[in-house]
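Enquirer: The structure's right below; bear with me while I get my questions together.
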Amino acid sequence: MRIFADENMPLVQQFFRQFGEVSLFDGRNVSAAQLQDADILLVRSVSNVNAQLLQHNTKLRFVGTATIGMDHIDQSYLAARNIAFSSAPGCNAQSVVEYVLSSLWCLADKYQWQLADKTVGIVGVGNIGSRLAKALQALNIKLLLCDPLRARNEADFNHTDFTQLCTEADIISFHTPLINSGSDATKHLLNAQTLAQLKPDCALINASRGAVIDNNALLQDLSRAATRRAVVLDVWEQEPNILTALLPYVDIATAHIAGHSIEGKARGTEMLYQRCAALLQQPLQQQLQQLLPVPAMEKLQISANFGLPDVQNLARLLYDVRRDDAILRHYLQSKGFDWLRKSYPPRREFSSLQLCGKVIPDFLPQLGFSLAQ
Ligand SMILES: NC(=O)c1ccc[n+]([C@@H]2O[C@H](COP(=O)([O-])OP(=O)(O)OC[C@H]3O[C@@H](n4cnc5c(N)ncnc54)[C@H](O)[C@@H]3O)[C@@H](O)[C@H]2O)c1
Ligand SMILES: O=C(O)[C@H](O)[C@H](O)COP(=O)(O)O
């Protein structure tokens with residue numbers, strides 16, 4: 001069995017060698033000729049899997065993307081060819097939540113906000129949005145939730161229409177898939193018209209897909225003297241060739257790495273491994289927990305005096321998004337967007353640090369921290 005995998009898929013050899021020979025490729029530049037012998041194809045978000053890429057391959061049995069987003073996969077084409085497909089739902093959801101929390105704390109420091117006075121609008125309340133909602137509730141932050149699909153299917157879902165959310169939120173965080181057309185389309189959900197409805201100081205966070213915000217319209221908006229909004233962008237239109245004119249207006253700019261914690265990426269590989277093992281009717285020989293590196297900090301003692309104001313310091317032990325903003329601003333021009341992603345420095349999730357103590361406040365597990373056994 002021949003397995004072809006993106007070179008940026010951690011632990012892929014360790015997981016997949018059980019099924020056959022693993023060959024690696026550069027995901028952004030992979031060609032149809034390279035993949036003609038693949039039985040199993042494992043990609044990330046930078047490879048468009050479609051008729052053109054698979055034109056020379058007649059034996060493919062499985063395509064997996066170690067990502068949550070699936071907008072780069074032509075699923076109808078795979079179904080028509082009877083090729084099994086899987087994404088990795090939720091694999092890096094906690095990583096994105098930690099990115100958003102770190103961004104909020106940085107903005108709160110920079111602009112001296114009291115986060116408890118802010119209303120955060122979450123647009124897209126799936127794996128990431130609902131975890132984020134739980135974390136923000138733990139921090140006593142007021143929420144508005146917008147998810148028309150959930151509103152249609154769940155009678156008790158407390159939905160706020162996007163237009164209303166735009167006028168009422170102090171901060172909006174986007175967590176929808178990229179949907180190009182139809183009544184729930186998210187492409188350019190935030191555009192010149194919807195931007196004009198926001199409060200002049202409404203902050204924006206986008207860690208979903210770049211095209212959910214019309215980047216040119218955002219640039220126009222941010223260039224206006226009347227606009228005073230803080231902006232965090234992890235995702236951009238036309239990656240890797242991003243609109244660099246936005247950078248001076250953006251408080252935190254990163255290279256589509258919100259989901260790139262060590263756990264988030266490796267969980268994606270493991271989920272595809274489990275799916276492949278089921279498809280090939282093979283036993284599971286590997287487990288992520290055994291393959292993850294030992295974290296630099298394993299245990300921390302919490303005293304009875306630990307309170308909500310201490311959470312920010314605790315979280316910063318593990319991740320501070322300003323590191324990634326600084327790296328982008330320093331290296332984007334000389335090394336490029338894809339290099340920033342490929343050489344992303346290690347980041348562990350909150351759960352890697354086990355908290356010990358007689359009484360651990362409830363908000364810590366709600367934020368994703370784990371308790372020592
Ligand atoms: N920046 C990163 O590194 C990174 C990492 C992971 C995921 N993502 C992106 O984040 C997206 C969301 O991830 P998830 O795991 O929460 O996905 P999910 O599928 O679990 O949830 C998406 C939610 O968005 C809702 N939705 C769809 N259309 C909507 C609309 N028009 N308005 C409001 N809500 C809408 C869906 O009903 C669903 O509940 C992914 O599709 C991916 O594109 C980015
Ligand atoms: O959709 C996702 O899961 C994320 O956007 C993912 O982190 C993208 O990262 P990539 O696959 O490009 O490394």
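Each Cβ is built from the backbone N, Cα and C atoms, and glycine gets one as well.
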Enquirer: Given TrEMBL annotates ASP147, THR176, ALA207, SER208, ARG209, GLY259 as NAD(+)-binding, which of ASP109, ASP117, ASP234, ASP310 belongs to that site as well?
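Expert: Among the candidates, TrEMBL records only ASP234 at this NAD(+) site.
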Enquirer: In sequence order, what residues of the same chain, 6+ apart, have a Cβ less than 8 Å from the Cβ of HIS256 (active site, proton donor)?
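Expert: Spatial neighbours, sequence-distant, of HIS256 (active site, proton donor): SER45, GLY210, ASP234, VAL235, TRP236, GLU239, PHE337, ARG341.
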Enquirer: Compile a sequence-ordered list of residues in the same chain as GLY259 (NAD(+) binding site), six or more apart from it, whose Cβ lies below 8 A from its Cβ; state 'none' when nothing qualifies.
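Expert: Result: THR67, ILE68, CYS91, ASN92, ALA93, SER95, VAL96, TYR99, ALA207, LYS265.
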Enquirer: Checking the binding-site residues THR67, ASP147, THR176, ARG209, ASP234: which ones have Cβ within under 6 Å of ligand 2?
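Expert: From THR67, ASP147, THR176, ARG209, ASP234, counting a Cβ under 6 Å from ligand 2 as near, the near ones are THR67.
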Enquirer: Under the DSSP assignment, what numbers of helix, strand and coil residues are found in the domain 'D-isomer specific 2-hydroxyacid dehydrogenase NAD-binding' (109-244)?
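Expert: Across the domain 'D-isomer specific 2-hydroxyacid dehydrogenase NAD-binding' (109-244), the residues distribute as 50 helix, 24 strand, 62 coil.
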Enquirer: Do any residues at least six apart in sequence from ARG209 (NAD(+) binding site), in the same chain, have a Cβ closer than 8 Å to its Cβ, and if so which, in order?
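Expert: Same-chain residues close to ARG209 (NAD(+) binding site) (Cβ under 8 Å, separated by 6 or more) are GLY69, ASP71, THR176, PRO177, LEU178, THR186, VAL235.
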